Structures are given as C-alpha cells and as structure tokens.
C-alpha cells in the first residue's frame, strides 16, 4: 500500500486550515471536498484538480469542524463563534443554525444513515445529538468522570469533549476528551456504557473500522495511535512513530490502512496488518490538522484518494493504492 502525491494548493485559505471532509457524490455531481479555516470561511473544492467551487461565509470566528451528510446533499460547519451552520451543498442555502454556549461546539459527525448529527460539546462535557429532519435536539449524552477521579481534582476541564465517531451500524458513539479518556455510548438508549483508557493526553480524533464495528482507532497528543476493541474495553494495539501530537486520523474504505496527521508536520500511512507506519509524507510545512480518505461510491471512481490540510494554509491530495 502506498500514497502518491497528486496535487497541493498553497494558500487555499487565508489562515490555518483546521478541518476537512469529503462530500459524497450525488446523481448530479462527483464527490467534493469541504474545508474549514481559521479565516472564518468554508470552501468547496472539485477534488481532482483542487479547483475552488465556492466559498461560504457566515461564521464570525474560525471554523473548527466540517461534516457532510451521507446523501451528499447537505453539510454542516462548526465555528468558535458557537454556531453550527447546516447548509445545502450545491446552493449554500442555510437549512438550520444550531446555537450553543461558548466553547461547546467541536468536532461533528453525521451518523451512517444521516438521521442524527452528533456534536462534541467541548466544555459542556457532553455530546449533543440533533435530529436531521427537524433540527431539534434529540439527546444530550453526558460524559461521566472515570472511576477513581476525585471531584476536587479540578478535572472538570479534563472532561472537555473534543472528538466523536459513529460505529458503522450507527448503534455506538465514541467521544474523546481532553484528559485522554474515550467514552462509548449506546445511542438508541442514550446510555453511557464504558470508558476506554490508555491515553493520558487529549484525544483529538476517532474513527471506527469500516470492516469490524468493534474496532475503534484513536489519535492523541501523546503521539500514539491506539486500536481498541470498543465493546470488550480492551486496548488491542498501540502504534507510535510520530514525533509529536497526532491531531487527526482516518481509516481507508477497505479497512486495511490508517492515515494520520500530526503536529510534526507529516502525514503517515499505517498498514493495519503490520500495525506499523509504511510511509511518511512531508508535503506540509506546519502541523496537519485533518486527513480524510474519499468514501467509496460515485460513478467510475476506482482510485483511492486521501486529502490533508494544515496550519500552513495548504491542501494536499494523494492517490492511495491498497494491497
């Protein structure tokens, strides 16, 4: 398996690019790329040439997360201004505006069916679930303290929720916190199940395996990538190689590889069979905040693609070939 650099766009935004996701193909158009930046804008790109399709304004502070609905029709952007903007991808019409108190909107993900938007609630120590039909709040999943932590140890700030991930069947939601714990919820019952432990620094990115819904991957500021059996509560493997914080990760659609982005300015490709890094890409000159594999689907699409975004204001596109 390997990555091959296809194209990079310097100064894709005026400031750091903090977020990236693929918008799935629709009947009317191929997949698109969506990026969010400290410059307060969200941009849409045609991925093959990285040609700018459109720029969405509307936030008054930096954009920390972008998420695309599985239908490819709508997407959402979350900003430090405490608003989540839900919009029509092709027309940029605003569909809903979700408001939260300050510092309570971080990473977002639509569930696999597209019926719920999960928003990591930052300082609220919770995850909010929004109904995508009505845009009403369905539930607030509160993250409990791990056993053994004393309420007096000021770990209120430790339960700052940064990241979320859905299992492929949509039955489980994982969220990562500033203190390094990962919480697993039963979504249908809105019930906390258990913590996954092993990280001791912020968990900024989580993703479930597309081929085994028990397997969860996590990226942490401790420079490690962990692989958990999220149901059995066990750490299955730990992978190291980055020289600094691991800020983002994604798993390839075939479930065979992981890509990670780090504050060491590199993107790494990991072979999950070997549980080892097999390639390091050094396109970026500053920390890499987002990596994302193109989802399967779309007419005539066979080649794998990976995208990365960075504090250096650039976007890089890679060809991914599996085994």
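Cβ atoms here come from the backbone N, Cα and C positions, even for glycine.
As recorded in TrEMBL:
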- 10-45: repeat 'WD' (REPEAT)
- 56-97: repeat 'WD' (REPEAT)
- 154-195: repeat 'WD' (REPEAT)
- 196-238: repeat 'WD' (REPEAT)
- 239-280: repeat 'WD' (REPEAT)
Averaged pLDDT, computed only over the residues in the repeat 'WD' (56-97) = 94
Contact set, same chain, for the repeat 'WD' (56-97): CB under 8 Å, 6 or more residues outside the stretch = 15-16, 18-26, 28-29, 31-32, 34-44, 103-110, 112-114, 117, 119, 130, 132, 135
